[in-house]
């Protein structure tokens, strides 16, 4: 009698069970060709997750190849658990962003928590100690109960995991739009620091070397999680709650500390997190990168309950697990270490020279697959795109009611203060946070030095929807400006591409054009892509999200002394750097007045971005600028109001713009506060006003004046989200 009751080879083919797992007929036939026979149930499951969109990037790989991935600073780029970039003194910064969109839509707390846990393990698997977390979130409008529930759950999950494991959440962004109803975006980023000689790779090599499993015992949670993340959300998605993993931050903390100790052992050959596709992806990818084979004895895998089959073990996405390859004969040294940290561990296999991926359970073979086709030869699909029709109509902005629009935009949750939400995150644990949440970028000191790492995470949606190529440039440039605004030198970036179904021509074209724009911006701004993630099929009931590329970018501050007095003071002069044009297409103003965004804006000049960026950075480092704020969503008037509300300072400004241009979202602009007695030596910079301590906010363009108490602004800006979130459900 067989140990495990599973469908037969004949049943799999006759009933097309492979289709339920995510394989097409053509893909199944390709598996048959690779194996030279019909696959069994476990093998079908393994191919289905490894060839899923989430793991193989089969619809996006051609576009990812156009991203620049090297520079004088890049030590390790795409292909490993995270990117590694040199910061001098034989140290490096390690970082990556990942999505956990589908799980968060079904189980918001655990979906978000495990997203945080997974990205932390990616950083730790390189050998780096995490120093901070960031997140980029998108939800539907908060007037819907479902969206409030998702927002609460996701924010609580992020805070719950990060706070318990002891890593501060220092920056992020949150936006709200009906296009994310039922399909939130949860993108988590982690940044770590490592010494050059501690950098690890996920590789399995050395015939006879042992494979060690460490972490939580394997259960049935998260089975086919990678496949689930590669499908559209539907009414049936609720039934896939078992595909959502369960996180345990306390075990995560133990695993992190044990791993960081294990990397100091010279006998460690390779290490990889068990993330999407669990034991399957970690083991097969390590073997492929090592040019080796691997034999795993699944009866040695620590399991949570009796009767878990090889199929379930290989596809489980139980959290808090790592896979190591260690030199033969040194296994006990590692097992003793993990025992000291109260972690389950076991030797479950060895590296071979067969280039085959072999799984046995009590000597019975459950899979025998060539490594390279499994890990590296998933089919790649190049589809046909179709550009969205250009809107040639004109919107009328000649009679904008400035004061009415001003208050409505300031109170919109996308623009309003997110303090109510991010206060749930521990921002200071570790005591190295220099700049707390609320500004454009976070700054975290590199312990034992006077250096700091600045990091930011930024997404773009409406502009990418309207004009994908320009929108792609914009999202990279926005992250670049946010680092410049704290005086950092941008080094490199990670990206998460969140889109709908690539099988829809318009969405596929958005993917083509926006990644082309991103690649161009990366080249000009000298910010290579060192890691990333793709999340497609973000659709609910046939409606796609806006195409939303998210960029995480890091920069270096060589000496943080200037940050000791980097905040505005009464008496500072305010300057506007950058030109204000009639850029209303895709703006908050267009959405407010016309209910949708379907017009284009001016092209972004990347060479100007570099020139202005260097000038701004010099003003900061020369001690002339006391504060820099990028002009973002809502435009110039909203940016000044946010500045005033955040710092509790008055503003007296006169702007040479029309009423509508007060809300223009022209790219490449900064507000610079310059210390009393100093001047800003930047060509075409306009002095527009003064920082006051009179509690008054006053901005005029000679035609219209907006005047409010700063306390009133603060009530509107700070109070908007709490009011939405505490509405009666």
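Even glycines carry a Cβ here, placed using N, Cα and C.
According to Swiss-Prot, the protein has these features:
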type     : residues                                        : note
ACT_SITE : 54                                              : active site
ACT_SITE : 100                                             : active site, proton acceptor
BINDING  : 57, 96, 495, 532                                : ATP binding site
BINDING  : 98, 533                                         : Mg(2+) 1 binding site
BINDING  : 99, 100, 101, 102, 121, 245, 317, 318, 319, 535 : substrate binding site
BINDING  : 122, 273                                        : Mg(2+) 2 binding site
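Projection of Swiss-Prot feature records onto the structure.
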residue: 54; record: active site; Cβ within 10 Å: 27
residue: 57; record: ATP binding site; Cβ within 10 Å: 19
residue: 98; record: Mg(2+) 1 binding site; Cβ within 10 Å: 24
residue: 100; record: active site, proton acceptor; Cβ within 10 Å: 32
residue: 101; record: substrate binding site; Cβ within 10 Å: 25
residue: 121; record: substrate binding site; Cβ within 10 Å: 26
residue: 122; record: Mg(2+) 2 binding site; Cβ within 10 Å: 28
residue: 273; record: Mg(2+) 2 binding site; Cβ within 10 Å: 29
residue: 319; record: substrate binding site; Cβ within 10 Å: 29
residue: 495; record: ATP binding site; Cβ within 10 Å: 28
Let me check the 10 A CB neighbour count of residue 96 (ATP binding site). How many other CB atoms are there? 27
Inside 8 A of the center formed by the CB atoms of 57, 96, 495, 532, which other residues of the chain have their CB, for the recorded ATP site? 64, 78, 97, 98, 494, 496, 497, 529, 531, 533, 534
Rounded to the nearest Å, what's the C-alpha distance separating residue 319 (substrate binding site) and residue 273 (Mg(2+) 2 binding site)? Just drop the number here, would you? 9
Sorry to bug you, but what's the C-alpha spacing from residue 533 (Mg(2+) 1 binding site) to residue 54 (active site), rounded to the closest Å? 8
Compute the C-alpha separation of residue 100 (active site, proton acceptor) from residue 533 (Mg(2+) 1 binding site), stating it in Å without decimals. 10
Based on Cβ atoms within 10 Å, give me the single least packed residue among the binding-site residues 99, 533. 533
For residue 532 (ATP binding site), the number of other Cβ atoms found within 10 Å of its own Cβ: 26
Near residue 533 (Mg(2+) 1 binding site), which binding-site residues out of 121, 317, 495 have their CA within 10 Å? 495
Restricting to the binding-site residues 57, 96, 98, 99, 532, which ones have a CA within 10 Å of the CA of residue 273 (Mg(2+) 2 binding site)? none
Going by DSSP, is the residue listed as 'active site, proton acceptor' sitting in a helix, a strand, or coil? coil
Let me check the 10 A CB neighbour count of residue 317 (substrate binding site). How many other CB atoms are there? 32
Compute all pairwise C-alpha distances among 99, 100, 101, 102, 121, 245, 317, 318, 319, 535, the residues listed as binding substrate, and give the largest one in whole angstrom. 20
Going by C-alpha distance, which of the binding-site residues 57, 96, 98, 495, 532 is nearest to residue 317 (substrate binding site)? 98
